[in-house]
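Notes for the one structure printed next.
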Amino acid sequence: MLEGLRAYRMIAGMWVRAGMTYRVSFVVTLFGNLVMTGMDFAGILLMFSQVDSLAGWSLPEVAFLYGASVTSFGLAHLAAGSMPHLGRRIRDGSFDVLLVRPVPVLAQVGGDQFSLRRLGRFVQGGAVLGWSLVAADIDWTVAKVLLVPLMVVSGAAIFVAVFVAGAAFQIYAQDAAEVQNAFTYGGTTMLQYPPSVFGKDLVRGVTFVLPLAFVNWVPAAHVLGRPYPLALPGWTAFASPLVAAGCCALAGLAWRTGLRSYRSVGS
Amino acid sequence: MGSARLYLAVAARGFRRYASYRAATAAGVFTNTVFGLILVYTYLALWDERPDLGGYDQAQAVTYVWLGQCLFAALALQGGGVEFELMERIRTGEIAVDLYRPADLQLWWLASDLGRAAFQLLGRGVVPFLVGGVFFPTALPSRFDAWAWFAVALALAALVSFGIRYLVALSVFWLLDGTGVNQAMMICGVFFSGMVLPLNAFPGGFGDVARALPWAAQLQVPADVLMGETGVAGACAFQAMWAVVLLAAGRLVQSAATRRVVVQGG
């Protein structure tokens, strides 16, 4: 585990240095990422230019959901955003090279093509989250203050688990790598809107099957003082770290199973 | 007539090339369906608050969502058609081979892109659209002529889409690296084609500007033609105007680029 983290840090550091060689390109693409990920929020602002509330939620409240979803996803994407490219490595056979190195494969896959450009998403989400904390009408308590950073970190861990599970899936699926976009990008998009927008079954699915609801919906219910999705009990707002740990364990298991059944394309 | 056959053959190869990635196509269908589902619910909530937003009723808003998912890959609304390959060929210098061919560069890539678009419309677009139609109340016309005009609008939209992406790709002759322009194209494409929100629902003067830009010809206009929200003649003229302007600009830039071209490579 520690060895893996060390290797990850070294690989990521190497890519950061490589990326910094083209400084202008780095700054431009960082800015581009900021704008691009901000487009979703521009869409939300456009919606609220026409209405005062969406499914009973005000703009600052939706901004809170948006900010929490995007910062969590931004952190996860920073750490594991290269994993969707695994399919290509498997297809062209270069995955084999990773297997013979004396470094944990997951660390190599995660650190591959690491780029600080991806910070754009995190920064943009963080700015919206920060604004919402001021603008929303929140009855602050100590528990709520602690819950906000806990929510972001746990949410990031849940998304990392989704990325890792997606990488494991690619060992079987290869060409079908895009399926995981539905859960990663689709997930973070869905969480930007109030749960009351979506059908009951969809909310049940992202609570009990793929527990994305614990990224922000459930903790947000406590912070904003809103009804819990699916009328979950109050303590669930603080359950995100547990859910995240469970997700990571399952994703790790999936990754090991996938790695063990890997068969090279032989080229 | 010989050259028409050539470009038809290029288009057919483009179609078959994309058709060979079956698993990727299935994955794309799944992802478009999931995104459609998410978007539909947010639009339903939005139209609950403002029942006639942008002149659409709820069923029309739902139809718009699924049409967007249907056309997303075919019209390469955020990029990702053949232009990435073209950029790569310019960057590596392989473009010299293309210029050497006894075929027109623009028409060659247009044919190839139309072949790709045709496949992605059938292979990737139809299923999400059907899923939307089956599970949600949609506003599809029953008259044949509405569908016929829709087909015309789609063909024009494909030309506009290529026109934009061809210009962007040619900029690599000067920039050498397409990362930045690709990003800009992606941002403009998603936002101004109305993937985030129908352009009809954009407020005030900003909405007027957005509806006059070429990206409006890609999704908003075909959607309005299909649902009878606009006069077909005016709508198609708007698309044709942008198609002509963009393709002519592409031709101009192409001749400037090839005259000064310094082929990259070793």
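The backbone N, Cα and C atoms fix where each Cβ goes, and this holds for glycine too.
Sequence annotations record features per position, and here TrEMBL assigns transmembrane segment to B:21-44 (among others). Within its own chain, the transmembrane segment (B:21-44) has Cβ neighbours under 8 Å at 58, 61-62, 64-66, 68-70, 72-73, 120, 123-125, 127-128, 131-132, 136, counting only residues six or more beyond its boundaries.
Positions annotated as transmembrane segment by TrEMBL: B:64-82 (among others).
TrEMBL lists B:121-140 (among others) with the feature transmembrane segment.
Summarising the annotation, TrEMBL assigns transmembrane segment to B:146-175 (among others).
Annotation comment: TrEMBL describes B:187-206 (among others) as transmembrane segment.
The feature transmembrane segment is assigned by TrEMBL to B:226-250 (among others).
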Of the listed stretches B:64-82, B:121-140, B:146-175, B:226-250, which one has the most C-beta pairs under 8 A with the transmembrane segment (B:187-206)?
B:64-82
In the same chain, which residue numbers or ranges, 6 or more beyond the ends of the transmembrane segment (B:64-82), come under 8 angstroms Cβ to Cβ?
14, 28, 32-33, 35-36, 39-40, 43, 56, 109, 112-113, 116-118, 120-121, 124-126, 128-129, 131-133, 136, 138, 154, 157-158, 161-162, 165, 168, 182, 185-186, 189-190, 193-195, 198, 218-219, 222-223, 226-227
Which residues of the same chain, at least 6 past either end of the transmembrane segment (B:121-140), have a Cβ under 8 Å from a Cβ in it?
18-19, 25, 28-29, 32-33, 36, 40, 57-60, 62-63, 65-67, 69-74, 154, 226-227
